[in-house]
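S.K.: So Swiss-Prot says this about it:
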- Asp31, Arg144, Asp146: Mn(2+) binding site (BINDING)
- Arg401: glycophospholipid binding site (BINDING)
- 540-547: motif 'DK motif' (MOTIF)
- 1-6: topological domain 'Cytoplasmic' (TOPO_DOM)
- 28-92: topological domain 'Extracellular' (TOPO_DOM)
- 114-120: topological domain 'Cytoplasmic' (TOPO_DOM)
- 142-145: topological domain 'Extracellular' (TOPO_DOM)
- 167-175: topological domain 'Cytoplasmic' (TOPO_DOM)
- 218-226: topological domain 'Cytoplasmic' (TOPO_DOM)
- 248-281: topological domain 'Extracellular' (TOPO_DOM)
- 303-310: topological domain 'Cytoplasmic' (TOPO_DOM)
- 332-352: topological domain 'Extracellular' (TOPO_DOM)
- 374-379: topological domain 'Cytoplasmic' (TOPO_DOM)
- 423-433: topological domain 'Cytoplasmic' (TOPO_DOM)
- 455-758: topological domain 'Extracellular' (TOPO_DOM)
Amino acid sequence: MKRRYSILIILLVAIFYRMITFRFKYLLGYDPYFHLAYIEEVNKVGKWINFLTFAGGPWGYQVKLFHPLGLWMTPLYLYKLLKVFGVSLTTTFKITPVIFGVLTVIFLYLSLLKLYDEKRAFFGGFFLAISYGHVFRSMANYYRGDNYMLFWYSVALLGISLALGIKKGKWKYKRLIFYTLPVLASGFSAIFWQAYYPIFAFLLSNALLLAVGAFILKKDKYLLDSIILILSTAFGVLLANYLGGIFGYGMLGYAKWLGKSVAKKLGLEFGYLKDVYLILHLKYLVPISLSFVLVLILLGFLTKDIRIRSLFLGIASFIGIIILFKRFEALKELSTGFGIFKEAPILETQPTSFKDLWAAFSLSFFLTPLFFIRFKKPRVEDFLTLGLIIPSVYMLKTWTRFLFIGSMAIAIMSGIGIVELYEAIKPRLNGKKALATGIITLVILPGVIAGLSFKEVCSLHPEMNEAWERALKWLKNNSNENDVILAWWDWGHFITYYARRSPIAQGGPSVGVALYLLGKLNENWAINLGVDYVIVSYYDFLKFGAILSTANLSKRYNIRGYGLVVLPLRASTGALIFENRGYRAIVRHDKSWNAVIIYNGQMIYPRKLYVEHKEGVQEIKPPESNSNTYLYVNLNYGYAIFMNGNAFNTTLVRLFITPEKPYKLVYSDGGLIKIFKLEHPNVKVERRESNVILNFENGTSLGLYFFLDNGTMVLSKWYNVKGKNEFIVPKVNASVARYVLKRGKKVVDRGVFRLSYN
């Protein structure tokens, strides 16, 4: 196949797979809604802002403590280029992941072309183009930062391949200039994603394995490439540190709690370098790696015997690892994010299961061992590739989050492996058998993998829907700009985007919210956080297991004995039949409502039956009951919820079915989403002419805290407001203000609002 056709096929396939999800009206997942909300706000005011008042309730949210600005700059500046063609900001945001995902595929193809040959480059690029493991974080409508990290690594790999691909001629040493690409790529990756560090680990591993290959294969001239690649990561660290001062540092930066915590664990101090990993890399990993290569160079002069070289190599590697972990024992916790993700019930930080691997890579995962056929007659390029494979495999087994980052290694191994298999078999066959083998191996098998990946991509659907959009837009139009919202954390970014209101939980599990929904914390806890509205939904019941797991992180409460199952409607002829997970609820309405639940052959009659229809929720006491269970039936949307007494008595269920004061139902769509106003002395921000006025009732003291947009507090003061119902906010040179309203010593409301964009 001609090269131009190969790259065209890979390009079209990569675009096609990643644009499948563009058909959706809504974004996929949760985090993209926060990113788009921030970008829209920046575009509206015409400048970069740090302190957000519609996130992180009730305190507000500082973007500088999240990702570097490059994550949001890219789609915004791309939009400024595309808007002349009529492309909207939302559309630009949706397709930005596709652009960088496709570029990653193309750069991988070009890299493999220089390192190997056309066939291996084509299949390596093709497998990455169709890999669901790569597609699902580089597809339209799903915007995530790790897409940029892998893109920049592909740029770095291209630079390495260009440097290694020139064997002789006048470019023999000038070729080393291509190692500036790893410098730039690793440095620039720091401004696009807060967890960009794997690119440095990959490049360092590439360098070390390149040295190992050169040493074992007696290709000692490549040891120079290894040294230069190691040094390129050092210059990349300096560039990343410099850019961090402009665009913001990564998650291990000096101003972030994780950076401070890990620095303390590792015994590191911030100085010129403002990031824990950058310090660790430059001060320890680079010197140890250089020492390792220099030892290999010295040994190369002493012996040419491969067995002796291999022995010394093993000893040197073992000593290097011992030194590193002896100096930094806390590195043993690296795979758990230094302990912060050991128990958190987040799907992305769970160990990878076979089911996850199958969904991400299907049959291509089983082709990966074929890559090692090359090691019958290895080349230094194979060892360089191992430098990506080894850390990728470690990451793959650690977290499902790393399926994407490991997808490039899987694509390379399976793509090259399938060619190795074919070329190993082909000489033993001739005629039609050789042709049939070629068709099966190089056409049908990749086609099956492509089909399985296509099925996975097509199975995706947004968590956001019209019910959420209607509810949150209603909330935006019927609440105050400073109102604080309580909902399960998965919906927090939805609230930020559609309602432009501040949720108290978003982007990560909240133990407090979980305990509140289970009734372990009451409304006084919520009022102390300034909560004005509480959202409960049908979707919360689908997350009930996660709510229990999150609440279990608290050591104060015993979270046991909760039983709840959601039962979809399966049949409606004669009787309503709801069924799921072995439970079957049969509900009839003759002269009155009655219900029975069948489980393991046992007939269970609930203590109470609740039926919601267009007129509202109807409570029915069945004529007979033999259990402390409850059944809620929703006729509007065709589902039922069967629960035991513990689950029924949670705040989540009580609000959804039988709300009481101080909660007032203000919005309901009949069974999907319900919004309650938590009635308490509430502060309302009002703007009259040039004044900002706080309206309230039943308060005795008001605390105001004024901040610059960069998060610096410039003034804090308490005011006596007893007998007053409004307060004119003093004019202070500040951008954001937090408020706390007290009645006596009790906090009755709090929140945050913007003063200006200065």
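Placement of Cβ uses the backbone N, Cα and C atoms for every residue, glycine included.
Mind running through what each feature is packed against?
M.R.: Counting only same-chain residues at least 6 apart in sequence, those with a Cβ under 8 Å from the Cβ of Asp146 (Mn(2+) binding site) are Arg137, Trp193, Ala195, Arg401, Phe404, Ile405.
Arg401 (glycophospholipid binding site) carries a helical DSSP state (H, G or I).
Residues 345, 488, 490, 509, 514, 517-518, 562, 564, 566, 641, 647, 652, 656 of the same chain lie 6+ residues outside the motif 'DK motif' (540-547) yet bring a C-beta within less than 8 angstroms of a C-beta in it.
Residues of the topological domain 'Extracellular' (28-92) grouped by DSSP class, helix first, strand second and coil last, total 38 helix, 4 strand, 23 coil.
Looking at the topological domain 'Cytoplasmic' (114-120) alone, the prediction's average pLDDT is 95.
Sorting each residue of the topological domain 'Cytoplasmic' (218-226) by its DSSP state yields 5 helix, 0 strand, 4 coil.
When DSSP labels each residue, the topological domain 'Cytoplasmic' (374-379) comes out as 3 helix, 0 strand, 3 coil, counted as helix, strand and coil in that order.
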S.K.: Below 8 angstroms Cβ to Cβ, which residues of this chain, lying six or more residues outside the topological domain 'Cytoplasmic' (218-226), approach it?
M.R.: 163-164, 176, 179, 207-208, 210-211, 293, 296-297, 300, 304, 306, 309, 380
S.K.: Can you name the residues of this chain that are 6 or more positions from Asp31 (Mn(2+) binding site) yet have a C-beta less than 8 Å from its C-beta?
M.R.: Tyr143, Arg144, His493, Gly507
S.K.: Please count the residues of the topological domain 'Cytoplasmic' (423-433) that DSSP assigns to helix (H, G, I), strand (E, B) and coil.
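M.R.: Residue counts in helix, strand and coil order: 8 helix, 0 strand, 3 coil.
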S.K.: From the centroid of the CB atoms of Asp31, Arg144, Asp146, the recorded Mn(2+) site, which same-chain residues not already listed sit within 8 A by their CB, in sequence order?
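M.R.: Here the non-site neighbours turn out to be Arg137, Tyr142, Tyr143, Gly145, Asn147, Trp193.
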S.K.: Which numbers of helix, strand and coil residues does DSSP report for the motif 'DK motif' (540-547)?
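M.R.: Result for the motif 'DK motif' (540-547), in helix, strand, coil order: 7 helix, 0 strand, 1 coil.
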S.K.: Could you give the residue numbers and ranges of same-chain residues that sit at least 6 residues beyond the topological domain 'Cytoplasmic' (374-379) on either side and whose C-beta is under 8 angstroms from one of its C-beta atoms?
M.R.: 213, 217, 416, 420
S.K.: Let me spell it out: take the topological domain 'Cytoplasmic' (114-120), skip the flanking residues so only those 6+ beyond its ends count, and list any with a Cβ under 8 Å from a Cβ in it.
M.R.: 1, 3, 6, 158, 161-162, 164-165, 381, 384-385, 415-416, 419
S.K.: Just how many other Cβ atoms lie inside 10 Å of the Cβ on Arg144 (Mn(2+) binding site)?
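M.R.: Excluding its own Cβ, the number within 10 Å is 21.
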